Amino acid sequence: MSSRKHLANAIRALSMDGVQQANSGHPGAPMGMADIAEVLWRSHLNHNPQNPEWADRDRFILSNGHGSMLIYSLLHLSGYDLSIEDLKNFRQLHSKTPGHPEYGYAPGVETTTGPLGQGITNGVGMAMAEKALAAQFNREGHDIVDHNTYVFMGDGCLMEGISHEACSLAGTLGLGKLIAFWDDNGISIDGEVEGWFSDDTPKRFEAYGWHVIPAVDGHDSDAINAAIEAAKADPRPSLICTKTVIGFGSPNKQGTHDCHGAPLGAEEIAATKAQLGWEYGAFDIPADVYAGWDAKEVGAEKEAAWNAKFDAYAAAHPELAAEYKRRVNGDLPAEWEEKANTIIADLQANPANIASRKASQNALEAFGAMLPEFMGGSADLAPSNLTMWSGSKSLEANDFSGNYIHYGVREFGMTAIMNGIALHGGFVPYGATFLMFMEYARNAMRMAALMKVQNIQVYTHDSIGLGEDGPTHQPVEQIASLRLTPNMSTWRPCDQVESAVAWKLAIERKDGPSSLIFSRQNLAQQERTQEQVADIAKGAYILKDCEGQPELILIATGSEVELAVEAAAQLTAEGKAVRVVSMPSTDAFDKQDEGYREAVFPSAVTKRIAIEAGIADFWYKYVGFGGKIIGMTTFGESAPADELFKMFGFTTENVVNTAKELLA
């Protein structure tokens, strides 16, 4: 049987070889954390390489994702479907081993990491999901949800502000199944971190309410093992502070930034292997090392034991077991489609002129009763975002059976935590803040789009309609920024019906995030036929039309739709042939077939005006260079909303005059 050190050296060898073959990458962190990884993966991690989707597996996250050869080596050695050829293709086009770990490529990669700090934050979300799912489904004698979340993170993760947001909340909520390892190697790209990172990290985490295990030798297997055992036994989240040597084993580069982000070079690799006693060539792993690492048999036994436990649970609680399966499979309730469509039809039949943020809350009230998988929240703005409904129950450290998270003023942390909740499974997470403060969270929403995970964001107070709070709180360019993000679905509804449709589609969308943008001010409900209600889902549809071919098309979203309707009525009375298109979602419209898009926007009709209280430039795509845009070209001002709309040209008079100029 190979020694622990010999098995850990397999990680070091593969990491050196992979980075050298790619001629780029980060060998230092994998070499430094290899001993920790060997103890965790071989003695503690419950997983099954033959079924990476096993619901009750432990989750492992490499938050310092630049050290990706570490996780690729672990997955390969443990027996996942990741071959030695895949490792040789590290960082190559269309490989399963991209430069940073990406969800959906290599089996066993739980989340995409690389932007530092987001991995630990995803881990907080996964641990929250585990604790909530356990509270909702476990019954006496039947702990079917019972797994840990393990996170490796480096100095960079801890320097990023998001780590404070997430780890603070993790301590407050008592996430005892979360165990993080700090790779305390004292090195970052610029050199020794003591010049820019001198925090007392153990005291920092003690202040959060974490269980802290300081000064663990990251190259002493017995010390690492004892620390993990202590962490698993403590009811608080745990930070294991492991002192490591970056690039461990490299005679000339270990302990320096020279081994952080570049290949070691052929000579140094040879010297390192000699020093480690590793007598094998590039990508050469001997049979005894593979045998020592192989987790397939043990993993299958662990899953089989859990399956037997679940069968007993299903016999005792058949309805709960069926509901658990539905939830973790991500299936909607059987009656969902029919009931949701009825709710939308009823809203159209019973008009209400309300703010779309209130319409959003009403949609939550209607849909929430059918969706126990909802896990809502807000970044300390629930009374403004209107994200709580009658069925909302807040999560508390001692009671996680609820469905609502008070994230505090942590927009970035909230959004990345939601990514972790979505990745874990069993929940449909939604969160909220003012649209302006989407900026704090932008990269986490980009990560949701990149990973194709369901993350529903409610962004309220969507324009200069916010009024007196002024330009610091008035969004201008934010909607365009969201629309320009690949795989982001963005909706800005004009009334309660469009709001409910947007919510329905966001709930049904499993392959990416949704941004639902709502107003502070009341909006007039529009009249629609049944066919028009059905067409809302297409992203843009003809709301008001003329006889025959229009000479002018007015395009509007959200609060500006009623402005377009009023202007069209006045122009029609003056003999103009005008069409009004409500366009709540440009990305949904862009996915429609050419026939539908041509029917809404005939190419022969070039006189077009877009009206939106957001950045104007975005709309040239739809109006063309010959069209006009009534939008924002500057930041807002502090004043009552009515005065601002008038000042910036969002009036019936200005729309009519602009139309006449265009038609002249």
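Along the chain as shown, the residues are counted starting at 1.
Cβ coordinates come from backbone N, Cα and C, glycine included.
Keep in mind the model is a prediction, meaning the values are calculated, not measured.
Swiss-Prot annotations:
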type	residues	note
BINDING	H26, H260, R357, S384, H461, D469, R520	substrate binding site
SITE	H26	site 'Important for catalytic activity'
BINDING	H66, G114, P115, L116, G156, N185, H260, F437	thiamine diphosphate binding site
BINDING	D155, N185, I187	Mg(2+) binding site
SITE	H260	site 'Important for catalytic activity'
ACT_SITE	E411	active site, proton donor
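All features noted in Swiss-Prot, drawn onto the structure.
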{"residue": "H66", "record": "thiamine diphosphate binding site", "contacts (Cβ under 8 Å, 6+ apart)": "G25, H26, A29, G99, H100, G114, G261"}
{"residue": "P115", "record": "thiamine diphosphate binding site", "contacts (Cβ under 8 Å, 6+ apart)": "G65, N443, M447"}
{"residue": "L116", "record": "thiamine diphosphate binding site", "contacts (Cβ under 8 Å, 6+ apart)": "S63, N64, G65, G154, G156, C157, M159, E160"}
{"residue": "D155", "record": "Mg(2+) binding site", "contacts (Cβ under 8 Å, 6+ apart)": "D183, D184, N185, G186, I187, S188, V193, F197"}
{"residue": "H260", "record": "substrate binding site", "contacts (Cβ under 8 Å, 6+ apart)": "H26, G28, A29, I187, S188, I189, I246, G247"}
{"residue": "R357", "record": "substrate binding site", "contacts (Cβ under 8 Å, 6+ apart)": "S384, N385, L386, V458, T460, H461, F518, S519, R520"}
{"residue": "E411", "record": "active site, proton donor", "contacts (Cβ under 8 Å, 6+ apart)": "A379, T433, F437, M438, Y440, A441"}
{"residue": "D469", "record": "substrate binding site", "contacts (Cβ under 8 Å, 6+ apart)": "S638"}
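Excluding D155, N185, I187 themselves, the residues of that chain whose CB lies within 8 A of the CB mean position for the Mg(2+) site are, in sequence, G154, D183, D184, G186, S188, V193, T244, I246.
Residue environment of G156 (thiamine diphosphate binding site) contains 20 other Cβ atoms, counted within 10 Å of its Cβ in all protein chains. Other Cβ atoms within 10 Å of the Cβ of F437 (thiamine diphosphate binding site), summed over all protein chains shown, number 20. D155 (Mg(2+) binding site) carries a helical DSSP state (H, G or I). Here the binding-site residues are G114, I187, S384, R520, and the one with the most other Cβ atoms within 10 Å of its Cβ is I187.
With a 10 A radius on its CB, H461 (substrate binding site) counts 26 other CB atoms from all the protein chains.
DSSP classifies S384 (substrate binding site) as helix under the three-state reduction.
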